[in-house]
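Taken verbatim from TrEMBL:
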REGION    38-61  region 'Disordered'
COMPBIAS  44-53  compositional bias 'Pro residues'
REPEAT    162-196  repeat 'PPR'
REPEAT    228-262  repeat 'PPR'
REPEAT    263-297  repeat 'PPR'
REPEAT    298-332  repeat 'PPR'
REPEAT    333-367  repeat 'PPR'
REPEAT    369-403  repeat 'PPR'
REPEAT    404-438  repeat 'PPR'
REPEAT    481-515  repeat 'PPR'
DOMAIN    493-608  domain 'Pentatricopeptide repeat-containing protein-mitochondrial'
REPEAT    516-550  repeat 'PPR'
REPEAT    551-585  repeat 'PPR'
Amino acid sequence: MANSKHLLRWRPSLHPIFPTTSLSSRFSTSIAEPLFEPDHPLPLHSPPEPQPKPQSKSQCSQSNSELIISRMLANRVWTTRLQNSIRSIASKFDSNLVWNILHASTNSDQALKFYRWLERSNLFTHDAHTTLKMLQILTRFSKLNHARCILLDLPKKNLPYDEDMFVALIEGYGRAGIVQESVKIFQKLEQKSVKSYDALFKVILRRGRYMMTKRLYNAMLREGIEPTRHTYNILLWGMFLSLRLNTAIRFYQDMKSKGIEPDVVTYNTLIHGYFRFNKVDEAESLFVEMKEKNIVPNVISYTTMLKGFVDVGKVDRAVEVFEEMKSCGIKANAVTFTTLLPGLCDAGKLVEAGNLLWEMVERYIAPKDNSVFMKLMDCQCKAGNLDAAVDVLKAMVRLSIPTEAGHYGVLIESFCKARVYDRAEKLLDKLIEKDIVLRPENSFEIEASAYNPMIEYLCDNGKTVKAETFFRQLMKKGVLDPVAFNNLFCGHSKEGNPESALEIATIMSRRGVPSDADSYRLLIDTYLRKGEPTDAKTALDHMLEGGHQPDSSLYRSVMESLFEDGRVQTASRVMKTMVEKGVKENMDLVPKILEALLMRGHVEEALGRIDLLMLKGYEPDFDHLISTLCEKEKRIAALRLLDFVLERDIIIDFSIYDKVLDTLLAAGKTLNAYSVLCKILEKRGATDWSSCDELIKSLNQEGNTKQGDVLSRIIKEKVASPPKREGKKKASKVA
């Protein structure tokens, strides 16, 4: 592989497929922590792109072929047709062409199919360079089994093992967290060098296996392999990561004893490690020592110092280091800013934090961790600097950082607390318009403390539709806030939109969201004001299903509205519910409803209601009801009601009996009159009804002589013992 490094390779001018990840993100325990990869400090400036050399015609043709084939592999499914297309573009494949196509591939599956197809089709025999590139692609995309098979099949293809191939697999299994496989691959390598040891050290230290690292280090020394500065940098980093301070110090001493001078990465690692153990003085001493040795600190060095001072609460010292960094011409990176900003916020230095934010904007430095903006915004809001908090949001927009619902929520909550509702509403309009709440990548969701005051304000000011539009977006994210629901419920009712309010109530019931009784009272009143008693009854049913107990006045209002609208049976059902619930007040409509039922021929329903009333301790005025039915010539209803009275031994005035009998006789209902009279005689004894003789005569004339004889005999038997005329029962009656 040593020779392969010197081979000239031309690469097409494509965007890098596997960009180098930032060193701070690869090894940091948190995003704001400026950790780094040993021996790979962050550059102060991006290196200039290499200028391409003039190309020959054959090179230009090859470049076009690589570009076309790479795009085909990225955009088309692997089929025979695609294979034929590749054949037609490149008639001959060489090592450079295959390497560059693999390097430009963005799909590991397509790259592997292309790699194997070349070999199966005898178009190209892979060498060490193309094999290594394929292994690197597969390990980057965690296709470790495929990579392992390719590596172990090399002897069958008469290709020698290369240490870089083993290193690629060791690192691949390490990234996947499969340390034992990394160790097995390492053990299969016969000729080891410090490169393979360094790769394995990095893998096992990332998993905290510091004891295994010490054993491997001793084994490396026994094999006569001398560690390099890079090796010690890895060991120091790993030991500090495992919180093994003494072991790290011993490795550092061992490094110096071998005459290996520390570089900037070594010092950065040591400084960061000492800060992790809160050894601030030792870390500062190392920073001074580094500068005394003319080792120029880089941005990682200063960022590490910043983070160390911020972590121990020495924010003023961190600001001094930051100013020193700028005076040295070293430009802060995103990690530097996201390290210092939270410290300034915690220390209450919000003016300095704001200045630092706008420096980021002017240099267009967008951090990967958006939480720093949330923290800064929250601190500005708590300090009452609402304009400064809005500026944070504007800074995010200028840095092209996606704003999230949580960012807007902090501002909306603060504006609501300050009663600046117009500005809060403008922010809400942006949330709704851009569907920010529905973004799946949101890491900061809007809190109830933000949206509930906003929804309440909108519902109280005739903007319930807007509030509902916003809350329905929240519902899609799984929010089922009862406060918000009830505010919408009341808002629609107050605005005269009871249908929308009832729809909200239905959603609440279906999803098990608790409702407020006051919301239903408002809804029912709205329906009644609009002259829609049936819908008011539906709302009343919803209220009861929700476990609420309406007061007697609400029952009466619904009953009265239904009764006046001619919906007597519906009013009767409300009355039934009212009685079943044990309501005893506002019962003045009950007699009217019973009378209306009987008048309209709903006798069975009326009798059922009367039965329920009596069961609950209420007794209607039967005298009045029967008398009214007789006067209105509702003979059947009067007869059924009188039967009901007699069957239950309810005492009524004797004049009512006479009235019913007179009504039946006048209508020619002699048999009905005979039947009722017999029951009266049986239940109450003899009667002085003046029309008894006339009834007997009518029965005989109609051929019902048997009934006439029976009635005559009964009357004669009862004459001897006249009944005691009783007045009305002194029981409580329903007015």
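Yeah, the Cβs are placed from backbone N, Cα and C, and that goes for glycine too.
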Cβ-Cβ under 8 Å with the repeat 'PPR' (551-585): same-chain residues at least 6 beyond its ends: 521, 524-525, 528, 531, 533-534, 536-537, 540, 544, 592-593, 596-597, 600, 602, 605-606, 609, 612-613, 616, 618
Averaged pLDDT, computed only over the residues in the repeat 'PPR' (263-297): 94
Other parts of the chain folded back onto the repeat 'PPR' (228-262), taken as Cβ under 8 Å at six or more residues beyond its ends: 27, 35, 38-39, 194, 197-198, 201-202, 204-206, 208, 210, 213-214, 217, 269-270, 272-273, 276-277, 295
Non-local residues, at least 6 beyond the ends, that sit with Cβ under 8 Å of the repeat 'PPR' (516-550): 486, 489-490, 493-494, 496, 498-499, 501-502, 505-506, 508-509, 557-558, 561-562, 564-565, 567, 570, 573-574, 577, 581
Contacting positions for the repeat 'PPR' (404-438) when only residues 6+ beyond its ends and CB under 8 Å are counted: 370, 373-374, 377-378, 381, 384, 386, 389-390, 392-393, 396, 444-447, 449-451, 453-454, 457-458, 466, 469-470, 473-474, 476-477
